[in-house]
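Peer 1: One structure, pasted below without further comment.
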Amino acid sequence: MTTSVTSRTGGTAPVRSGAARSVLCLVGALVLLVLALFASVMFGNMSNSFGDVLDVLSGDGDSYLTTVVESRYPRTVLGVLAGVCLAVSGTLMQGVTRNPLADPGLLGINAGAAASIVAATAFLGASGQSETMGWALPGALLSGVFVHLLGSAGSSTSLVRLVLAGAVLTAVLTAFVQAVTLSRPQVFDSYRYWVVGAFGGRDFSAFWPVLPFAVVGLLVALVLAPSLNSLALGDESATSLGTNPAVIRGTGLLTATVLSAAATAAVGPIAFVGLAVPHIVRAVGGVDFRMQVLLAALTGPSLLLFADVIGRILLRPQELMVGVVTAFVGAPALLLAVRRMKGGA
Amino acid sequence: MEKGKPVTIDAGTHTGGAPAVQGLSAREVTLSYGAAPVVKGVSLEVPHGGLTVIVGPNGCGKSTLLKSFARVLKPVSGHIALHGRDVRALRGRDFARQVALLPQSPIAPEGITVQGLVRRGRHPHHTLLRQWSPDDDRAIALALERAGMTELAEAQAGDLSGGQRQRAWIAMVLAQDTEVILLDEPTTFLDISHQYDLLELCAELNRDGRTIVAVLHDLNQAARFASHLVVMNHGEVVAEGAPHDVLTAELVAEVFQLDCDIVPDPRTATPMVIPHERVRAGKTG
Amino acid sequence: MSTDLRKAAPAPADSPRPPRGYLRVGNRIALPVQRSSVVVVLCALAALLVAAVLTLTLGRLGIRLTDLPSAVFGGAEGKDAFVLNRLRGPRLVTGIATGAAFGLSGTLFQTVTRNPLGSPDIIGLSTGAGAGAAAFALLLPGVPVWIGAVLGAVGAMALVYVSTGTGFRNPGRLVVAGIGVAAISTAVIQYVVYVVERDAATSLTAYLNGSLAARSWSDATTIWVVLLATAPLCALVSRHLAVGEMGDEISASLGSDPGRTRTAAVVLSIVLAAGAVTVAGPIAFVALIAPQVARRITRGAGPRLLLSALTGALLLVLADLAAQQLPLFDDLPVGIYTMAVGGLYLGYLLTREWRRGSL
């Protein structure tokens, strides 16, 4: 819950002017992403050299090598998708709420996806990984919509209401998930493999159903970015600048929800990417939301892919799930940030 | 049965040692919230039994100094003394029976009545097992009466208007029954008639023997009510004394960057600031 | 000085009496006791008694109501002795004290943070305990789980304490640091649950939900000792908490040290919650909901420690009654019931506040 936390707006950093800087940032982020992509197909239980990967990509690799490298395509693609969704979702959340601690995970989406998977496995006889994972998306979307309906029951949408509505939904659904999983061991199995948040063992079947939501979400985020710039000045200034704060906020939060639901459905709940990337992006790229959305879309995947690579290398031949890695990298960063917080009673 | 203790818990019990300085004083006090000092080595004696008003431009450290007098803020260096004794050496409760503070934005707990709020002012007179003292009811009733809140005693603090709420807080501070009362910008957010009501109340309390120290924004109000005026700028005391000695056109020009005439107030003959027209909006106060 | 006081109200010859609403014993003791809260507290006690009787008498194994007094006071025999001394008695006694500890813990925390959603769960205590339990289950399978839970809770709180940089004094930082520590803890739990065998994972998850099943008299002793040892300290801190509600400056100028009050209250809150987690696991929502219910029953300001403790006990005993008697699922951990009911209650509160437009 972040309701009692003092918010520090994203608009406090000095505006860095100059198109050159922006281009530099984007190019840097792009280079980083390419490196992350290469790393993701290179490393694993069996690591290849850079040359091997180039051979495979140009079609010259031997068949074994090709199989190894290509087996890492799905997780890489999923990583990119989830990274884009989570990072842009977090940027929208923080921009809309002006709260640097807003995280899409607070909206009850994870619990909704989990409950959906558990219900499908227990009562509809879903089995096999791709089939059960397919149920995550409707569950996540449904819970997101529900939270918005509950959270905006009155006139306007406020973060406090949404977070509380998310907490309510999470509690009730988690109770349901726990009750079912504790009394049905086989359901428990599919649940615990999903809930940890991992790229391993997933195939493209997790990718295609989620892709349209991610694309639409990203486009809406880019369209909203200029309005978010006026919103950062406060509701009254935003109104006088010709934007409708309520509409922008509603659309922004809904888009954030959809993006976050897409990521959760694809790879399971992953903490801290949605929280951390917007901070990094603000520190590097400044306060312009158009820039922030673009940079987030490039940085999020890099972060997630590198985390995944670390998880693959660290405990070889076993794997540390990416959700665990991001938590262990992200949480200490948050703890360090706490020390620099001002006031905050 | 216990014999009723005397109602006053005041200076009488502290004069035994015949200390050098009566009342509150600061010696070489430096205060800061972070790295940069807000108040720099200020020495100040608050005239005991007087009505002292501290004025100065925004950020000059006047509220900060007041907080250190209230023992809320600990000096980085230097001492705050009460009757010649370092306030840090006093127990919090003993100090609180002698000095009360009304901060700028106190928080009224949810669901509290005016009387409940005022009763909390009696905290320093209580102990863990004795959360009521024989003087409580008289002190509370009197505090409510002085603040003009007797009729509203049962009202919810949350339902009060701005002026009423400020009077409720004054009543709480009065119930504390201290010889010194510190007020941090008590007139902010009040409309003009309530501002004067409140200042008249302060003057009345002062006439009854209480020492009042207030931070105010309005120079004319300060000059009208103060018996001792303290002017601060950039964390230092730049002038102090009787208002008609302190408040000069030169001082206002230097401290507030405002050119003005000083004329006697037609009703009270205290100095009054009449600003000149500004040719251009170049300077700000 | 203060001559006005003397002038207006000449001291009466005989000693004045405290107003209504105070309990006075001799000259040294006078405590505020409001008649309305006495009634409410008695009602809560009665409800708790009814819930306790139901816990012991309902169901196939229940002691017959007519046999209950003699079983409790005269010593039970046969099946009744087993139910009273082994099956339900210790569970009930543990449940009462655990609920009370959670209720107290939540009230202290909510008052200090001025956040109606504050509870030790929020600063990562429960998830820390869970992570400790999980880590022990994975690395040292022979050691009792509760040891891991205690170490985990202590470790999490130490991490929070260190990372805020100001100890437990600043509620804002406390909550943010709690989010971070909770995230790490959750990652640990999920990793362990993922890695270990299914059976081990199931039993671990059951523990992590918080359960009162199969508690012994030694569990009951543990939590009662914690509760009774902290109770006087809670009473001590409560007076300063009431003043602290008005902001740091007022409370400092009234002679109470706000920083020390906060630290004391948070430490007490943590000790109580840690004790409760030790015997029953991280049961959700009792610490959060009990103070809310207590606040809605009585009006007026100030922390209501006694009533919150009773409400917490009542909530937990009722939830455990449901866990034992509802035929829905077979003896699920009580934490699942408190989570479901607590979540629904929170939802009810929210919609009601929204309709009133006060949120």
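Glycine too: its Cβ is placed from the backbone N, Cα and C atoms.
Because the structure is a prediction, the values reported are computed rather than measured.
According to TrEMBL:
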type	residues	note
TRANSMEM	C:38-59	transmembrane segment
TRANSMEM	C:92-110	transmembrane segment
TRANSMEM	C:122-139	transmembrane segment
TRANSMEM	C:145-162	transmembrane segment
TRANSMEM	C:174-194	transmembrane segment
TRANSMEM	C:264-290	transmembrane segment
TRANSMEM	C:302-322	transmembrane segment
TRANSMEM	C:334-351	transmembrane segment
Peer 1: The transmembrane segment (C:302-322) vs the transmembrane segment (C:145-162): three or more C-beta pairs under 8 Å (separation of 6 or more)?
Peer 2: no
Peer 1: Hey, which of C:38-59, C:92-110, C:145-162, C:264-290, C:334-351 has the most Cβ-Cβ pairs under 8 Å against the transmembrane segment (C:122-139)?
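Peer 2: Highest pair count goes to C:145-162.
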Peer 1: Residues sitting near the transmembrane segment (C:334-351): Cβ under 8 Å, six or more positions beyond its termini, same chain?
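Peer 2: For the transmembrane segment (C:334-351), the list is 95, 209-213, 280-286, 288-289, 292, 315-316, 319-320, 322-323, 359.
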Peer 1: Out of C:38-59, C:92-110, C:174-194, C:264-290, what stretch is closest in contact terms to the transmembrane segment (C:145-162), meaning most Cβ pairs under 8 angstroms?
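Peer 2: If we count Cβ pairs closer than 8 Å to the transmembrane segment (C:145-162), C:264-290 scores highest.
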Peer 1: If we skip the immediate neighbours and take only residues 6+ beyond the ends of the transmembrane segment (C:38-59), which ones have a Cβ under 8 Å from one of its Cβ atoms?
Peer 2: 65, 68, 83-84, 88-89, 91-92, 95-96, 297-298, 306-307, 310-311, 313-314, 317-318, 320-321, 324-325
